[in-house]
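Trainee: In case it's useful when we look at the structure, here is the feature table from Swiss-Prot:
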- Arg37, Glu38, Asp42, Arg150, Arg151, Gly152, His153, Thr154, Glu174: D-ribulose 5-phosphate binding site (BINDING)
- Glu38, His153: Mg(2+) 2 binding site (BINDING)
- Glu38: Mg(2+) 1 binding site (BINDING)
- His136: site 'Essential for catalytic activity' (SITE)
- Glu174: site 'Essential for catalytic activity' (SITE)
Amino acid sequence: MNQSLLAPFGTAIERVEAGLNALRQGLGVLVVDDEDRENEGDLIFAAESLTNAQMAMLIRECSGIVCLCLPDEKVKALALPPMVENNSSQYGTAFTVSIEAKVGVTTGVSAADRVTTIKTAIADHAKPSDLARPGHVYPLRAQPGGVLTRRGHTEGTIDLMQLAGLKPAGVLCEVTNPDGTMARLPEIIAFGALHNMPVLTIEDIVVYRKSLLANVG
């Protein structure tokens with residue numbers, strides 16, 4: 001990762017702190033993974049405070065494949081099976097079957113409908129019967145252990161929500177350029193500056209979590 005580009009956002013610890021503060025205020029953050037991995041940046045919002053306007057931004061500015069990151073226990077509680085029996089994707093991204101709220105949506109594809117689906121899924125007492133399958137929201141199952149187990153955006157999202165003291169559920173979508181190509185770090189930093197969003201990396205979250213563990217030790 002080109003640290004010189006990230007320098008204006010502070011140290012790894014400061015970047016994570018800025019991201020946590022933004023999430024607590026109901027704002028978005030941009031998280032970039034390793035250059036030798038997917039090398040992409042995701043726009044992430046806390047699921048519990050997600051607004052229709054934020055969902056519209058995810059649809060408009062990103063790839064359109066809006067995903068709901070959930071911890072393993074929530075995926076089990078909702079009885080969401082894997083999208084495929086044998087996951088052969090390059091990075092083992094743990095998609096479950098797609099979902100739709102059974103109540104309160106029309107076609108399910110509008111920003112408002114997708115927000116309704118997400119709020120239905122993350123409700124404390126949500127039941128499998130509250131959701132139709134398939135739908136227009138794509139849940140992702142986070143590995144237990146977070147980024148210390150798997151350095152993916154899914155795990156990074158859940159880690160950030162937990163570190164911020166929020167419900168462990170986040171919404172993400174990959175940032176794209178206007179021509180449809182994937183945004184890389186320079187474009188993601190420009191996007192963050194335009195929309196006043198903090199930028200941090202998966203590596204930053206790893207450093208932050210390890211520092212917390214060291215302090216506990």
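Sequential numbering from 1, following the chain as shown.
Cβ atoms here come from the backbone N, Cα and C positions, even for glycine.
Are these features on the surface or tucked inside, and what are their neighbours?
Mentor: Long-range Cβ neighbours of Asp42 (D-ribulose 5-phosphate binding site) (same chain, at least 6 residues apart, Cβ-Cβ under 8 Å): Leu30, Val31, Cys62, His153, Thr157, Leu172, Cys173, Glu174, Val175.
Annotation for His136 (site 'Essential for catalytic activity'): spatial neighbours Val66, Ser98, Glu100, Gly108, Val109, Asp113, Arg114, Thr117, criterion Cβ-Cβ under 8 Å with sequence separation of six or more.
DSSP gives Glu174 (D-ribulose 5-phosphate binding site) a strand state. If you draw a 10 Å sphere around the CB of Glu174 (D-ribulose 5-phosphate binding site), it holds 19 other CB atoms from the protein chains shown.
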Trainee: Of these binding-site residues, Arg151, His153, which scores lowest on Cβ atoms within 10 Å?
Mentor: Arg151
Trainee: May I ask you to report the DSSP-based helix, strand or coil state of Arg151 (D-ribulose 5-phosphate binding site)?
Mentor: coil
